[in-house]
Amino acid sequence: MSSFLKFLVSSGDASSSRRHKHPYYPREVVVPNYAPNTYTLPMVLGAFGGATALLMVGTVAIGKKVNKQLTWKDAGVLAWFTLCGFLHCFFEGYYVLNHATIAGKQDIFAQLWKEYALSDSRYMTSDPFMLCIETLTVLTWGPLSFLTVFAIIKGNTSLRHITQTIVSVGHLYGVALYFGTCFFQEKFRGISYSRPETLYYWVYYAGMNAPWVIVPAILLFQSSKTISQGLSVLNKVKSMKGGSSSTSGSGSSSSIYSGKAESIRSFDGSSESKSSNSSSSSSSRKADKESKREPSRDSRDGGERRRDRVSEQAAYFRDEGRPESIAESKYEIWEENRADAREQLRKKRTTGRRE
């Protein structure tokens, strides 16, 4: 009887070992249809890394050609978001579509996932958290990363910093959840999803996820600083506009019309000087016939009447409290005086020719 029980236990252990024959931790986790990789690790990493590097370099070259003002600092950000967009949409998108059968596939993406899963076996078991976080990444952070690439190439600073901020916050939030779930599972339940070797825990698990903590933090600081500076400039412009609009009725418009009023005052002197110069030149030509002429009584009376009319209208509008109307009325009077002065000058020239 005891020998029969030993046989059952041993047979059960053998079937269990055959069922869980995989390199992942914890050892009792079930990985359906697992098949070992057929390519060596250098071949898989070399092919994937070469394709990724070629995509990043090509995108930077296109960005430099399209946007001549693209700095090398912005080119580095461009390469980063190109990498993010490619990994999120294609590499992680492959996982979302093939999570149930990925353990038995042998294409390059499947073999990469099986290699990385040595640091986190949840990728081989269709873990609900991994499916949710990866689906969110594929549908949001991937397209937004490519939109950021487009904004950087086109030089659209406002769109670039908006999408850069959103994606960076999403990266930090996702990595915090990723590390947090692993930490609490190991801390409170004693479950470790990573193999204990240095390569798998420190290089794969910690090292490969560290850039999605460091780089988004730097980019978030950069975008926050740029947006803060832009808002401060906008507030200054608004304050300046508010101050100018509050004094526009008595400041800007009055200064505009005061220029017209100044031209009115200057016109009186200039017209008088022109008339006097013309009369003096005509009198010098006719010095042998007659002496200098004095303005006629009619012209003196007309000038006095015009000056009286200007002063009366200015006083009336000043009492009414309408400075703009004063200037406009003066400008109209200036136009009338100008026409009268031209008519007087024409009459003087006509009488001079007749004489």
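Even glycines carry a Cβ here, placed using N, Cα and C.
Owing to the predicted nature of the structure, the values given are computational and were not obtained by experimental measurement.
The transmembrane segment feature in TrEMBL is assigned to 39-63, 75-97, 128-153, 165-181, 201-221. Residues annotated as domain 'EXPERA' in TrEMBL: 73-220. Annotated region 'Disordered' per TrEMBL: 266-355, in sequence order. The compositional bias 'Low complexity' feature in TrEMBL is assigned to 270-284. Annotated compositional bias 'Basic and acidic residues' per TrEMBL: 285-344, in sequence order. Sequence annotations record features per position, and here TrEMBL assigns compositional bias 'Basic residues' to 345-355.
Among the listed stretches 39-63, 128-153, 165-181, the one sharing the most Cβ pairs under 8 Å with the transmembrane segment (201-221) is 165-181. Same-chain residues lying 6 or more positions outside the transmembrane segment (165-181) and placing a CB less than 8 Å from one of its CB atoms are 81, 84, 129, 133, 136-137, 140-141, 144-145, 148, 209, 212-213, 216-217, 219-220, 223-224, 227. Taken through DSSP, the compositional bias 'Basic residues' (345-355) splits into 10 helix, 0 strand, 1 coil.
Across the domain 'EXPERA' (73-220), DSSP helix (H, G, I), strand (E, B) and coil residues number 121 helix, 0 strand, 27 coil.
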